[in-house]
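Over in TrEMBL, the protein carries these features:
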BINDING   Gly15, Ser21, Ile22, Asp67, Val68, Val96, Lys168  NAD(+) binding site
ACT_SITE  Tyr151  active site, proton acceptor
ACT_SITE  Tyr161  active site, proton acceptor
Amino acid sequence: MPYNLLQGKKGIIFGALNDQSIAWKIAEKCYEEGAQIVLTNAPIAMRMGEINKLAERCGNAPVIAADVTNNEDLKNLLQKSMEHFGGPVDFILHSVGMSMNMRKNNSYTDLNYDFTHKTLDISALSLHRILQLAFHMDAISEWGSVIALTYIAAQRVFPDYNEMADAKALLESITRSFGYQYALKKKVRINTVSQSPTRTTAGSGVKGFEGFIRYAEKMSPLGNASAEDCANYCVTLFSDLTKMVTMQNLFHDGGFSFTGVSREVIEQMEK
Ligand SMILES: NC(=O)c1ccc[n+]([C@@H]2O[C@H](COP(=O)([O-])OP(=O)(O)OC[C@H]3O[C@@H](n4cnc5c(N)ncnc54)[C@H](O)[C@@H]3O)[C@@H](O)[C@H]2O)c1
């Protein structure tokens, strides 16, 4: 049952690739809660055509291609979105990540640095690019809300998360640093949501993902948080009910982050 928490709000959603994407569920939920949205993804991802189905489901939302490593693309996206909405946006979701090292099975001790630069650019610096452009173009309204999705490998070692762990640490740092600046300028709040492992195209690219998702399920007293749960949480963070929350890394993981060990894991070890 919708609560109309985002009635009258306008936002940009990055990163809906297919109906498994966390951004896909967030876009649907934002629309259901009364928001108008613009969808965006990399030009290459657009070719799959899936995003047009989502656009239809979200009141024929405009779809504007933008590679997050390209300033001109991002400037065009912000400009077109403001023209469409007739003013600045109220929220932005950054749900973007990519590692060529993972795709090529390069381990953390054998990184290809060209790939690593790409990972950092796409998965972390892109948040700075979006915020810096929005800051100077005045593209986010007062008390607006920005969320980037992250993972706990930014704080603790998950060996097969590879250089994405470093990218997430940078993403969370940019969230704090820009969160400070944007709060002073326009009371815009910026947070990361640290989500449970979730079966998506990006998620399944992590080596040993199936074993890991089962381990996380056993280590989380509430179980793993689904993409739909994440969408509900993000709606609250885009809404006016969480106005004073900024510069935070917010764990959305069923309690995983603060569980040292669970009974189920101990029982498993005693077998
Ligand atoms: N799936 C998980 O287990 C999990 C857990 C925690 C956090 N996250 C984070 O959630 C976010 C979304 O990932 P997902 O799991 O929904 O997978 P996904 O593969 O559906 O989404 C990743 C998105 O990034 C986009 N992207 C890649 N390169 C881009 C570029 N150059 N320009 C614009 N967009 C680009 C892809 O097209 C895709 O839409 C990522 O930041 C990911 O790290 C995922």
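In case you wondered, yes, glycine gets a Cβ from its N, Cα and C as well.
Keep in mind that this is a model prediction, so the values were computed, not measured.
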Taking only the CA atoms, the spacing between Tyr161 (active site, proton acceptor) and Tyr151 (active site, proton acceptor), expressed in whole angstrom, is 9
If you measure between the CA atoms of Val96 (NAD(+) binding site) and Tyr151 (active site, proton acceptor) and round to the nearest Å, you get 12
Across every protein chain in view, the count of C-beta atoms other than its own within 10 A of the C-beta of Gly15 (NAD(+) binding site) is 25
Row Val96 (NAD(+) binding site), column other C-beta within 10 angstroms, all chains, value 24
So Asp67 (NAD(+) binding site), by the Cβ count within 10 Å over all chains shown, scores 17
Students should find that the Cα atoms of Ile22 (NAD(+) binding site) and Tyr151 (active site, proton acceptor) sit apart, in Å rounded to an integer, by 13
